[in-house]
Amino acid sequence: MPSYKLTYFHLTGLAEPIRLLFSYAGIDFVDERIDKNDWPKLKPTMPFGKVPVLEVDGKRIHQSVAIGRYVAKQCGLAGKNDLESLEIDSTVDTIQELLEHIYVNYVRAKEQKLEIVDETVSYYLGRLDAQVKRNGGHFVGGALTWADLTFVGVLDYLNFLTKENVVEKYENLKQLRKKVEEIPAIKSWIEKRPPTLYENKMPTYKLTYFDVTGLGESLRFLLSHSGVKFEDVRLKFDDWPKYKPNMPMGQMPVLEIDGKQYHQSRAIGRFLAKKNNLYGSDDFEAMEIDAAVDSMDDIRQALSLYYWQQDPALKEKLKETAFEKWPYYLDKFEEQVKKNGGYFVNGKLSWADFLWAGYCEYLSFILGGDPNKDHPELKKLVDKVRALPNVKAYIEKRPKTQLYNLDNIGQDEDRIVAPFNLRSNKTLSRSRSVNNSASMASIFTRDQITENMPTYKLTYFNATGLGESIRYLLSYYGIKFEDVRVDFNDWATYKPNMPMGQMPVLEIDGKQYHQSRAIGRFLAKKGNLYGSDDYEAMEIDAAVDSMDDCRLPLTHYYWEQDPDFKEKLKETAFEKWSLFLDKFEDQVKKNGGYFVNGKLSWADFVWTGYCDYLSFILGGDPNKDHPALKKLVDKVRALPKIKAYIEKRPKTEL
């Protein structure tokens with residue numbers, strides 16, 4: 001056997017596929033790793049001043065792909081014939097093109113703050129994923145070749161450059177990686193190789209929630225489905241007071257990613273959905289997923305508020321509202337799933353399906369039985385989600401809890417009778433919404449509106465409320481829109497024609513979209529107001545959802561007609577209001593005068609829009625004792641196109 005010496009930096013990078021090939025074949029080699037400080041003096045001694053370099057019996061060979069092909073031939077992974085070799089070479093060269101594209105973007109991104117994973121990267125990964133699927137789990141010929149080892153070998157480096165798991169959304173590539181890394185000889189190499197800068201250090205996930213299903217279960221489903229290892233921390237109710245001060249906004253669930261806390265269940269769910277190709281194929285589809293998710297939360301909150309209320313008279317009132325909504329929503333959901341081929345949106349699995357399956361665990365506890373029993377399409381959908389292999393495996397091993405595993409229906413179990421808030425507010429909602437998404441190909445800016453733009457029609461009450469931040473966004477972009485303002489007395493005639501019987505509704509070229517935050521998020525994405533990456537977007541979503549958490553209790557307190565009930569709601573609403581306002585003030589101070597990352601975002605528009613309405617409820621400026629918030633609202637209102645809109649908008653009582 002020849003003697004082999006491979007020289008490269010103390011990294012994975014371009015040399016790792018070669019190391020994997022040697023390890024797979026059981027070929028001994030000297031793994032020489034250069035310290036970067038020694039490179040300047042070694043560089044002149046290398047062919048073309050580059051590494052990796054392979055010495056074969058003392059003769060130096062350079063170029064990583066040429067070396068890889070040579071070693072692959074030694075271990076039978078270069079193809080069974082010339083045609084197969086050609087396919088393997090073609091694939092390896094494609095992988096190299098992808099690597100070069102990402103590296104160029106990495107260098108540019110450091111200087112210009114550009115996103116590294118762009119449409120080209122997605123295009124390449126999508127094609128490579130399809131190739132693996134077409135070839136029975138490998139790149140070529142349905143069998144292991146050096147193309148497979150090349151791709152898996154450079155993945156650590158690609159993830160390092162992009163700061164994300166580039167194959168997270170590509171199931172076939174994920175399975176290929178798993179298959180290669182489980183080959184005994186390669187597994188042994190990975191276990192003993194020295195740790196390096198480009199080591200595949202995937203993010204660590206820790207989910208903290210109560211030892212119940214509730215708002216946490218759909219997140220556990222998503223994490224399990226994606227094959228992500230996560231620490232599933234389940235708190236006892238008695239221990240909550242000592243944990244609460246350390247939680248963002250004093251709420252759970254909280255997801256920690258590499259030690260950083262992210263809150264708001266739907267903001268987290270949306271983030272995970274985006275990472276696993278469960279958030280639609282474009283921003284329109286994402287908006288529909290968001291609207292479905294927010295509608296689910298509307299009914300969950302109504303039922304939760306009723307169930308945990310201890311005052312008998314108030315409980316009866318809440319029950320009436322909740323069970324008036326429940327059949328209406330359930331029928332709408334059934335119709336939606338039937339219309340969309342067994343899923344909530346566009347005939348394919350999405351985050352909305354996971355959320356409904358997760359919520360049904362909790363709703364079964366409240367209702368004392370399967371919430372879908374009289375709705376066959378919904379029942380089939382939940383069964384489908386629960387039958388997904390990784391979700392099924394999670395369900396089989398998860399702890400049994402009282403709130404509530406569908407597996408437990410029909411069994412006698414003691415129920416928890418002490419009231420608690422799974423989220424912190426359990427108020428009813430007429431119109432809720434959250435979302436997050438990948439960028440669309442047709443991004444527009446305020447100065448680039450063309451004659452071919454879609455037509456927009458916004459329908460809402462002749463009030464500020466949930467519609468105002470949307471009007472702000474449309475105005476800010478310079479988009480012409482029909483601002484339809486419905487008189488309260490006319491609402492009964494409009495309601496049957498509105499999705500879920502709610503407003504605001506945005507019509508784009510005649511198609512209706514509902515849920516205020518789904519609409520807001522869609523518009524925010526169009527104009528660079530939704531963060532520069534998925535992490536930033538998750539923080540924006542969490543801020544927006546927290547605003548809604550404090551707006552809703554104030555709304556229900558204000559509009560309640562029963563004096564006794566109103567007094568009880570007032571106590572909860574104002575306790576929450578003070579806490580949230582102080583938290584928001586701290587957040588804006590910390591972020592240089594904005595809610596997230598020192599720059600204008602959709603969250604700033606939502607808060608400014610809500611303040612118009614909250615000033616009506618509170619009888620004065622909601623920010624008067626919070627200077628950072630006040631300055632932020634003034635900044636948004638002073639934006640030229642928003643200022644122009646405010647000057648001409650109709651005067652309304654709200």
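Heads up, the Cβ atoms here are built off N, Cα and C, so glycines get one too.
Residues or ranges marked as domain 'GST N-terminal' by TrEMBL: 2-79 (among others). In the predicted structure, the domain 'GST N-terminal' (2-79) carries a mean pLDDT of 92.
What TrEMBL records for 81-198 (among others) is domain 'GST C-terminal'.
TrEMBL lists 203-280 (among others) with the feature domain 'GST N-terminal'.
Residues or ranges marked as domain 'GST C-terminal' in TrEMBL: 282-403 (among others).
The domain 'GST N-terminal' annotation in TrEMBL covers 454-531 (among others).
According to TrEMBL, the domain 'GST C-terminal' annotation covers 533-654 (among others).
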The domain 'GST C-terminal' (533-654) vs the domain 'GST N-terminal' (203-280): 3 or more CB pairs under 8 Å: yes
Contact between the domain 'GST C-terminal' (282-403) and the domain 'GST N-terminal' (454-531) (3 or more Cβ pairs under 8 Å, separation 6+): yes
